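K.L.:
This is the structure I have questions about; it appears just below.
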Amino acid sequence: MAPHRYTASSSAAVKSETAAGAAPPGPYYGEPHRFDASFRGPVHRRSCTDILCCLIFIIVILSYVALGIVAWLHGDPRKVLHPTNSYGQFCGQKGTPNAKKPILFYFNILKCANPTILINLQCPTTQMCVTKCPDRFATYTEMQLQHMLSKSYWEYYRQFCKPGFSNPDKPVSQVLRDEDCPSMIVPSRPFLQRCLPDFITLNGTVTVANRTSFKDALEMARSVTELQHAAKGITGLVDTKELGMKIVEDYAKSWAWILIGLLLSLAVSLLFILLLRFTAGLLLWTTIITVILLLAYGLWYCCMELSRLRHRPGSDVAIVEVGLQTDLQVYLQLSQTWIILLVSLAVTEASILLMLIFLRRRVRVAIALLREASKAISHIMSTLFFPVITFLLLTLCISYWAVTAVYLASSGEAVYRVMSPDVSCHHANSTCNPESFNRSIISTSASCLGSQCLFAFYGGETSYHHHLFLLQLSNLLLGLWLINFSLALEQCTLAGTFASYYWAKRKPQDIPPCPLFSSFSRAIRYHTGSLAFGALILSAAQLLRIILEYLEQKLKGVDSSLSRFILNCLKCCFWCLEKFIRYMNRNAYIMVAIYGKNLCTSAREAFFLLMRNVVRTAVLDRVTDFLLFLGKVLIAGGVGVVAFLFFTKKIPVIQEEVPILNYYWVPLLTVVIGAFLIAHAFFSVYAMCVDTLFLCF
């Protein structure tokens, strides 16, 4: 094997790199100076690797299917989607008495001013399923007085009472004691299938049906502000709903232009990769210089804005104090926003300049690698569309995991918990039995007066229900395993394809026919076990990181510096471990694709090969990754600038075609993020090509 495997048209930088250091390692990694002239690419005669792991993987997949079936038999997603009344019955469920009652009604919404409302949107008051929400103010006392004049008042009021209650003359005190009917009703509207007060702001004042006050069943004056405070545990989502509706409306108006923007990014990404074959040096240096100039302009603009805002009142307010705002102009009027942007741009600019100053020679070698990778992709264009297969596999895996998780979460029988309006009740949130609760000690306890036994969630006492948490963990681990296996399959397939190109003596004549399909077939037929083994190791590390994140959320209220320190140290260690495993797996898959050895042998040989060339590897690998990242940023930023000019009507030729939007940033962010993801999909193939060629070199 010749010491330099690139074609004659490759940059002289690669040759100088080879001449400056040791001879490039041959296919036998233990002997870095030994070359095999007969080696002509990926080994075709190979045997299956990591068979035991392959068998385990197949068994696990079958077990995962069985887990999905069991979850499907026990679970009911309607338990997650539909609200439940105080008896654990679904509102709006077909085939039940509540089939025509899809909305949940709270008997006394004022009791919802309690932290317990955060638990499953439950509230310490009776909850019934109703057909519609009330549209007027009324109290039970008023209804009794008006019932003497006309029965229509009772007919309207009784639809919010417990089913079967038909005694409008029952004393108010007994009705309130037995919770037969609500003490009052207020004009409401359904939100998340729950009746919530219909708040309307008039001249800066919050009202309900144009009223700012009302009377409860005991003829005590109440303000609408009390209602707003009581319902804020749920109505805090109202703004989110309205924002969501506006966003959906913007998408409906601009989807065609968003699609055009994404297609433009697709064409630009493809054109960028194809141009790298002929103008790699010019294009990449142009990209670097363009990014440097854009960052410099950004620094200048940030300084000008800071100077302009220096003496403006209110510009020194912190972003945290402003909170989440849908109008981006609010943040642009704050000095802190521009300071953050200035520091970020300055750090990025300094990093790029330092890289260019100290790594000029390595940048030239990286450009030669990118040029050769572009040639390889231009000869095997089908590799650019292989991520579509990976996307479909990932969609299937994530969908199956999500559906299984929902069915597992909705498995079980109704569990009831004590809900008390008094936060000092020691029995609050403890399990109870609704049939015997009124005769229990809890209901008569002084600290728990007014407490109720209400439905909380679905659980159970069987072995299956007791191990639901472990089943959810298993579902998460298996989902991660399948996702990482799909990514590993893509990497191994692409590595085998580009290795076939690298060792072709005459290009493109000696490139094997259908190299992508051949490499995919080899990976599936011989190396499923190796890919599953590597994916399992990575998935275990990811699962541990997720568990640590879960523990951090649970320990947020614990004021312990030592526990937070230990947790942060563990998170940092496992983050580093995950990155190392991911990097070693990637290089091991390249070796597996070329030589057909098992994962451990391939990982060991890849590790020692990289260690023998540690400086070259560390610098060139990072430089090429950085150059590709700049390409992604340039594509996403360029398309984003065009989209910004379009949606803000700054392109005179087509400004009449711009749709009227609530928030122009909705389609703009969609286009920018979509363009970056499309560029990433193309460049992930490109990056795998570079890594494969580099390891072969």
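For all residues, glycine too, the Cβ spot is worked out from N, Cα and C.
These numbers come from a predicted model, not from an experiment.
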K.L.:
Taking 1-23, 139-161, 208-230 as the choices, which stretch does TrEMBL tie to region 'Disordered'?
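P.N.:
In TrEMBL, the region 'Disordered' feature sits at 1-23.
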K.L.:
Could you tell me which of the ranges 380-403, 524-547 is annotated in TrEMBL as transmembrane segment?
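P.N.:
TrEMBL lists transmembrane segment for residues 380-403.
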K.L.:
Would you mind listing the long-range same-chain contacts of the transmembrane segment (282-300), meaning Cβ under 8 Å and 6+ residues beyond its ends?
P.N.:
272, 275-276, 341-342, 345-346, 348-349, 352-353, 356, 367, 370, 627, 630-631, 633-634, 637
K.L.:
Output the single range from 255-275, 338-359, 478-503, 626-648, 660-683 maximising the number of Cβ pairs under 8 Å to the transmembrane segment (380-403).
P.N.:
478-503
K.L.:
Have the transmembrane segment (51-73) and the transmembrane segment (338-359) got at least three CB pairs under 8 Å, pairs 6 or more apart in sequence?
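P.N.:
Contact criterion not met.
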K.L.:
So which residues does the transmembrane segment (626-648) touch in its own chain, when a touch means Cβ under 8 Å and the partner is 6 or more beyond its ends?
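P.N.:
Result: 254, 257, 261, 264-265, 268-269, 272, 284, 287-288, 290-291, 294, 355, 363, 366-367, 370, 654, 658, 661, 664, 667-668, 671-673, 675-676, 679-680, 683, 686-687, 690.
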